[in-house]
């Protein structure tokens, strides 16, 4: 990742050098907190939006696009000014529906870093209908601004007029809000507990079928993923995708996976088979399934 980032941001530029130094200090995680953003903006006389635009090729470098070879980068800006990178993640030899779109990637990245509200989405290509619908699940969706290289400060709902969303199904819960499904993590195996805790934070008001993923890497690091459901159903993002996306955006290698656990309360639906199918194309490590 280090060399790819350096190729994306030519190092004969002082701003690019400063950005690379920040990323190096955090092991190439695709994230800049508010203080880092403010310092870069101050040192190089930029607005946060101009900095985000400059960072889009960098965000896109986290893509995995074995099918389309079309890299999309996105930056979700949290309400306190943190920058969460996102990139499209494709999976060859699996169903195309397993794909993670760049805006989904940035939002789920923010979610797993415990962001509670997105104020702006900066992206290098116009959001597709799938992503517009996914963003409409967010709290305050009507106030989110979309920024493109050729057009800034566009309300999300200008891309999604007469929008369908949670309120149409009498759902008050929104993606990124605090969630609690009363799932108890009291197993002797800590990785199973981490998967249960992730499931407990799932956003699944339509199926009430939470599930979570916990991945253990050979160096002892853990990554978790939560299920993000959508009022339109199909734009929903399974927990395996949110976990893999977080791993990619934090420079984890799938070849270093040691164990993967899914914890699921399968009331109306189950993601077990879908997860097993995707995993079989990525690793020889088998999914450990824990029913809640």
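Keep in mind that glycine also has a Cβ here, set from the backbone N, Cα and C atoms.
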Discussion item. The Zn(2+) site in Swiss-Prot lists 128, 131. Which one of 101, 174, 181 belongs there according to the record?
Written reply: 101
Item to complete: Cα within 10 Å of residue 89 (substrate binding site) is the criterion; apply it to the recorded positions 101, 103, 128, 131 and give the hits in sequence order.
Response: 101
Item to complete: Please classify the secondary structure at residue 88 (substrate binding site) using three-state DSSP.
Response: coil
Worksheet item: Looking only at 128, 131, which of these binding-site residues has the biggest number of Cβ atoms within 10 Å around its Cβ?
Response: 131
